[in-house]
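TrEMBL annotations:
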type	residues	note
DOMAIN	20-256	domain 'SMP-30/Gluconolactonase/LRE-like region'
BINDING	Glu20, Asn153, Asp198	divalent metal cation binding site
BINDING	Arg104, Asn106, Asp124	substrate binding site
ACT_SITE	Asp198	active site, proton donor/acceptor
Amino acid sequence: MPGDRMKWHTVPGPHGRLFEGPHWIPEARVFQWVDILAATLHRWDPYNNEAAETRETGLEFATVALPLDHDRILVASRSSLHVYSWSESTMITVGEWKFPHDVRFNDGALTPCGDIYVGTMSMDRRPLGASLYKFDLAASVLEPVFTGVGISNGLSWDTDTSAFYVDSLVPQIDRVNKTEHGLTREPWLRLDEDDEPDGLAVAPSGHVVAALWGRGCLVVGATSPRKFVTATVPDAYPTSVAFGGVDDELVLVTTAGQSAATDRKARVFVGDAAELVSGS
């Protein structure tokens with residue numbers, strides 16, 4: 001299939017432990033991602049030959065970094081949220097909460113109009129132990145919108161009122177809609193029983209692309225007609241995906257090191273976005 005014939009290129013820069021949460025920041029013309037376990041932030045300009053730039057946060061984790069603008073980033077740690085300034089290398093804490101001992105923040109996303117959503121996960125993979133929240137930055141208030149989640153993971157808004165969402169303990173991609181009564185959620189694409197979806201993104205073409213943890217591939221889903229294919233990536237543990245570039249021509253995939261006991265480290269790959277979605 002076309003995705004298996006793709007040319008993936010390794011993004012230059014230091015390898016990591018658990019790369020996740022990639023985003024394209026158009027005003028800065030860079031991709032950004034985190035290393036969750038190293039608690040570092042990374043930015044890479046795909047139009048020069050330089051390595052990705054790394055910033056240390058000093059936090060216990062950096063589970064997600066949502067770009068509020070070209071400079072300010074909302075960074076989540078175990079149970080706290082922070083705003084980091086890339087230009088000033090400064091960080092302020094904007095909220096702290098008490099979660100159960102096995103629960104930490106995980107992935108999140110912004111709506112096109114700037115609403116902030118961030119989820120949690122059970123590090124013990126405890127079913128129903130986590131939630132998805134809406135965060136009011138000005139008031140520093142977390143409002144639960146989905147409870148009874150296992151691992152709140154990939155979330156990508158295609159409009160202000162609709163999104164695609166993953167609970168990694170459930171082998172499916174859900175469709176989320178915003179109504180006057182709150183968010184609703186229903187299955188959109190059911191995967192194989194043993195699949196574990198991770199981060200996801202909606203491509204400029206409208207395709208929904210999700211990383212399959214431990215499968216060494218992405219699932220690429222077309223919305224109309226609804227069908228999907230898989231596309232191989234050069235790592236067994238892809239974690240998430242982002243589309244970007246000045247002409248939306250690039251797709252970037254983050255990966256994880258297999259374990260602390262192995263020499264294999266997390267890497268980041270970039271490829272042609274149109275080529276990825278051409279087979280679905």
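Every residue, even glycine, has its Cβ placed from backbone N, Cα and C.
Remember, TrEMBL labels are computer predictions, not curated facts.
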Can you tell me the three-state DSSP label for Asp124 (substrate binding site)?
coil
Tell me which of the binding-site residues Glu20, Asp124 sits in the most Cβ-dense spot, judged by other Cβ atoms within 10 Å.
Glu20
Under 8 Å between C-beta atoms and at least six apart in sequence, can you list the same-chain neighbours of Asp198 (divalent metal cation binding site), or say none if there are none?
Asn153, Gly154, Val166, Ser168, Ala210, Ala211, Leu212, Trp213, Pro238, Thr239, Ser240
Are there any residues at least 6 positions away along the chain from Asn106 (substrate binding site) with a Cβ closer than 8 Å to its Cβ? List them or say none.
Thr63, Val64, Ala76, Val118, Gly119, Thr120, Met121, Ala130, Ile151, Ser152, Asn153
For Arg104 (substrate binding site), write down the residues of its own chain that are at least 6 apart in sequence and whose Cβ falls under 8 Å from its Cβ; none is a fine answer.
Phe61, Thr63, Ser77, Arg78, Ser79, Thr120, Met121, Met123
Do me a favour and check the Cα-Cα span between Glu20 (divalent metal cation binding site) and Asp124 (substrate binding site); whole Å is fine.
19
